[in-house]
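To keep things clear, I will list the structure first and then write my remarks on it.
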Amino acid sequence: MSLKDFIFTSESVGEGHPDKVCDQISDAILDAYLEQDPKSRVACETLATTNLVVIAGEITSKGKVDAQEIARNVIRDIGYNDITMGFDADFAVVSAHVHAQSPDISQGVTEGEGLFKEQGAGDQGLMFGFAINETPEFMPMPIYYSHELVKHLAGLRHSNKLKFLRPDAKSQVTVEYKDGKPVRVDTVVISTQHSPDVAHKQIEESLIEECIKKVIPANLLVNTKYFINPTGQFIVGGPHGDAGLTGRKIIVDTYGGYGRHGGGAFSGKDPSKVDRSAAYMGRYIAKNVVASGLADKCEVQLAYAIGVAEPVSVHVDTFGTGKISEEELVKRIRANFKLTPRGIIESLKLLEKGRKYRETASYGHFGRKGSTFTWEKTDKTVALKG
């Protein structure tokens with residue numbers, strides 16, 4: 001096979017996956033603080049295991065938030081409301097252990113308090129944004145359909161159409177590429193938690209007909225292999241089956257491994273943390289580059305020093321698909337996008353009243369629709385064309 005002929009796989013996880021339970025709790029707590037005080041500094045981490053949730057982190061805010069009650073509401077919304085699952089919204093022990101943000105960090109991210117006048121980055125680090133024109137959402141096909149499968153699966157569960165479904169689930173999609181373009185789905189894997197009183201054959205048939213074939217177009221399902229609950233059963237799941245932690249699904253949250261990742265997680269962090277906000281800006285830039293037709297594929301790297309506003313570097317890679325040089329593209333990006341923490345927050349309205357970061361905490365942060373996902377706008381295409 002040439003470099004343009006290959007097979008690529010990405011995975012996603014459902015809202016009831018233990019790590020995603022933690023992401024949603026952390027982001028729901030973040031939302032509650034920002035709703036009361038947009039200047040809140042939040043770094044909220046969650047751990048979940050058998051009927052136990054531990055919330056920890058650094059939070060400085062004028063807001064007063066009942067983190068335990070928020071956690072229970074999230075767990076209940078997801079569907080963990082039966083003690084026999086080993087994790088129940090009403091019976092779980094929920095403890096919170098938070099303290100104020102370090103003053104050494106605070107002075108660097110608060111305008112006028114650090115060595116530099118402007119609001120600086122909340123930490124050093126590198127962040128990537130990516131876009132590709134192989135789906136209408138400008139996302140790689142493997143991660144796009146992986147997300148859609150677990151999202152549809154959750155809908156089947158919440159609507160009670162498939163009564164045997166329980167909250168924990170994972171998906172994996174393998175796509176075959178010819179000449180760099182996706183031509184078929186080679187393999188689909190779905191593992192879903194279920195009640196004890198259902199036969200494996202029923203699960204397999206139901207998921208192929210009611211989930212896979214409803215999500216993935218028939219023209220892509222050519223000689224496709226299906227692996228449905230391939231261990232034979234999946235009764236013990238959620239935080240009772242595996243302990244969960246915030247920030248442990250960073251590849252699921254982004255591009256499924258198709259684009260690079262700087263290593264920083266998103267959930268539970270307010271927008272002063274460039275791990276989150278600069279990754280959103282990177283996606284915004286890359287998507288506008290591809291949507292403008294200046295490249296078929298684009299990856300943007302932004303890098304920051306703690307306490308410093310301007311990025312220390314901006315790098316672009318169009319993988320040989322660019323219509324203009326990458327040097328020229330960097331110039332146009334710097335001219336048309338605000339890359340300081342404050343500029344990113346203002347451009348993407350990351351502190352806008354009513355924003356719900358919890359919406360980002362399952363089914364990926366990118367390729368999504370809705371008012372929360374402001375980094376998905378393609379309103380810079382004309383400016384980028386010059």
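Counting begins at 1 with the first residue displayed.
Positions of Cβ are set from backbone N, Cα and C atoms, glycine also.
Model, not experiment: these values are computed from the prediction.
In Swiss-Prot, the annotation region 'Flexible loop' applies to 101-111, one of the ranges 101-111, 266-276. Lys249 (ATP binding site) sits 13 Å from Glu45 (K(+) binding site), taking the CA atoms of both as reference points. Residue environment of Asp242 (ATP binding site) contains 15 other Cβ atoms, counted within 10 Å of its Cβ in all protein chains. DSSP gives Glu58 (L-methionine binding site) a strand state. Neighbours of Glu45 (K(+) binding site) among the binding-site residues His17, Asp19, Ala169, Asp242, Lys269, Lys273, defined as a Cα within 10 Å of its Cα, are Lys269. In this record, L-methionine is bound by Glu58, Gln101, Asp242, Lys273; the longest C-alpha to C-alpha distance in that set is 30 Å.
Rounded to a whole value, the Cα-Cα separation of Ala169 (ATP binding site) and Asp19 (Mg(2+) binding site) is 11 Å. Taking only the Cα positions, the spacing between Lys273 (L-methionine binding site) and His17 (ATP binding site) is 25 angstrom.
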